[in-house]
Amino acid sequence: MTTHRLPAARRIALTLGLGGLLVAVAACSGSTSAATLTQVAGSTVAGPSSAGGAATSGSSSATTSSSAAPAPVATVTASPAFGGDTISPTAPVTITVAKGTISNLTMTNPQGATVDGTLSADHASWTLAEPLGYGKEYQVTGTAVGTDGKSVAIEGSYTTVTPVDQITTSISPGDGAVVGVAAPVIVRLGYAPEDKALIEQHVKITTTPAVEGAWAWIQHDGEKYPSLDWRPKEYWPSGTVVHVESDIYGLPFGDGYYGGDNVTSDFTIGRNQVVKADANAYNIVVQQDGVTVATYDASYGSGDVIGDPNRVTRSGVHVVMDKQETTKMSNPAYGYTNITEHWAVRISDNGEFIHQNQGTVGDQGVDNVSHGCINLSAASAEAYFNTAIYGDPVEVTGTSVPLSKADGDIYDWAYSWDEWKALSAA
């Protein structure tokens, strides 16, 4: 995952050497509307002379000392208005000249470094080209030259907002990951935004080839704030290349909180492996690209046999979350704590694993006797373990209780496609 902490001002001076004598004239506004700077009447402004040295009509020697010189025609407008003291560091800043052009313009940060900006082809406007920092004052100085040849000073400042705190982002899967065809994209945010649609519009995904999918706001197990998840309508095509961008820097989250970073992640979808787990068949069938490559005898949760819903293996699309060669398992309600198990593949945060259990080998393939996990023999569990990767789907069927939000962290596939799309805020 690549994190871009913003901003670091870059020194690229923007100065265009157009002729004209600078006369300091400025009108600054502290409001949030656009500000206009105009040369005041009565100032003496030198006009261009002819090759022979004769003055132009704008500065004719015939003008009497009692006559006021005409005001320059160029007007300068700043948007947001100069003097703003709570602007977003990503606000679009534009300075425009009417009836003239920008001769030179520089924005500097508190350390005096020049901030990047772009001058339009006709030199009529300047646009800020990099994000600013939080809680900093920036100075703008420059000169505009009107169509009458007279100069107008460009002077003003901006002060950016100081947030209560800056919100950071993480993206799963991370950079360089190779994941299964059911892996959702999970963008975790450190705060619940007031305007979810605004945040969603600034989180983007690009896939090669194109894949139909949608964003949804999901509350993951054990997390204080909702995440923004993206999943395809159907399983990912194998080999898909995925690029995710979270561009939240400068965005308001509400209550004085603002986005604090921009983050990207690039990962790839691996081979297509799907586990068909039919509790009524007492086995699991491993398929790759639709072809069965292995079948293992299994024993599922006994809940449907004994009438205990807490021991029912949930039906629905589970997602492989992680795996451990050796782990400790506990369920005090059913009388066991810190039992060592091997070749454990987690498929839900509710405690469901596919793992070795030598104690149920005699029931595997003929009966369901577990507390909810899918039990395999040592050899079968190790063989399956070695093929499983994060994001593989495990499709459980034949039980009475469906997988749901109550079952833990990744339940994105528990929603129908229409239900999933309805969870988008954009």
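The backbone N, Cα and C atoms fix where each Cβ goes, glycine too.
Unlike curated records, TrEMBL annotations are generated automatically.
Here TrEMBL gives region 'Disordered' for one range in the set 46-70, 146-170, 221-245: that range is 46-70. Confidence for the domain 'L,D-TPase catalytic' (273-397), expressed as mean pLDDT, is 97. Secondary structure of the domain 'L,D-TPase catalytic' (273-397), assigned with DSSP and counted as helix (H, G, I), strand (E, B) and coil, comes to 21 helix, 60 strand, 44 coil. Summarising the environment of His355 (active site, proton donor/acceptor), the number of other Cβ atoms within 10 Å of its Cβ, over all protein chains shown, is 24.
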